[in-house]
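Beneath this line is the structure, given in structure tokens, with notes to follow.
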């Protein structure tokens, strides 16, 4: 009996001790349960979320997407969305690239806010999310709107992304895959990384403000104070090593020209040359000429070694401006085919055509594109037929602006150029004698006639026309005047693309349709118009790229013939900050 009481006492003591040891755990469970119950019953509302968001930010900072952010954070009970520092860094890099391109200044504003030391943890998270919503709109709309957004200095309108557009980002956050997802949002194009590397190289260059101030053309053998600056610019560009710093005297015949070309202002040398001004040669010698020719090739200029106005403009462009050009053209990669496959690509400011077959270039050609007031559009289509010995139905605008004034001065102009004038555009229209037209009452605005040019040696379309669907009536074609391709700047057409190697292009396309060269030659000789359908439509993409890195890893720049690059000026105020962020 005593043993039973002892055993019972032991059990009682043990149970008592256990009760003393575990009340904290019991209370914690109750606390967690009560918190869970409170959360389940009273979640954070969007209104409460907005208050917390507002309190987390400096008084002068207002999110662009406050309504969307309030709901987003309320749905997540105010949990932070940006806890992956790698993802944050990658995102800021992409924002900085966009800011440098100047496409939408708000991206620079978001970055500037993130630099604010007054931001607390939630505030920083909110601004990153605000910027992401803006970025999601950009990413989801760039394919359809890029041909407008990336070719103007007017920022596009910022609007909130849809729930569907936000979903990939939220999914990445919830799956702890944010870093990989953000990284994948950079331009998916093989040119992107080489161009980015060049952009960073340009941003790292010192702001030396080197400038050739003279306005006269500098030719080989001449002497000028400009040569000192020219040498330094070429050294900065990596096209000249060290430089000749010994005193030289130009030959007597050159000295006579120096008086005409010398610049009054004395220019003191700066880095990268360490030599005193008195020992730096002012003679435009062969070493410099060779470097200038390389420079001219990289900038789409005639490589003649003569420093004229066009070359001087590019020499005087500061590295930061070229970095902006590279950044803008990096964004344009988003709407340029990343995989060449099979198709024809025409770079409008590059005056070039490349025909790809299975990712390999099988034909490259110079082209002529539309002048500034009759721009060749950025577009994609597909060639569907080739016209041999094409006639030309002159567009109304050209008939009124270009041909009618010449016909008014001399009605024989029509017959000399092979033009026929018709009473109108209808099926019942009839031929009109140009001499019978009352030219005194005809103006370009009221010219009512249709003009057609017959096939032949003077036909403006040449021997071949390459048709493709286009709302702007744009197509590729030959030309009777191939000497125009000798020009360096070839924005001289009325919008359509003239192809220097039109015969080679036609042979490839007609060959696919079963035409041998002998048959093609026979059709050309016969002179009648032949329409030949292409069995497999060939994709055509007309794009606008003014900066890129070529296959030899050399930067290439081209003149902005349509003034589409002006957006880079929007980035000036953010440049010091962007230089610190980008790496």
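The backbone N, Cα and C atoms fix where each Cβ goes, and this holds for glycine too.
TrEMBL labels come from automatic prediction, so no person has curated them.
Under the heading signal peptide, TrEMBL lists 1-26.
Per TrEMBL, the feature domain 'L,D-TPase catalytic' maps to 342-533.
Annotation for residue 477 (active site, proton donor/acceptor): spatial neighbours 390, 461, 462, 464, 465, 466, 496, 497, 498, 499, 502, criterion Cβ-Cβ under 8 Å with sequence separation of six or more. TrEMBL lists 477 with the feature active site, proton donor/acceptor.
Mapped onto three states, the DSSP output places residue 496 (active site, nucleophile) in coil. Per TrEMBL, active site, nucleophile is recorded for 496.
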Can you work out the mean pLDDT of the predicted model over the domain 'L,D-TPase catalytic' (342-533)? 96
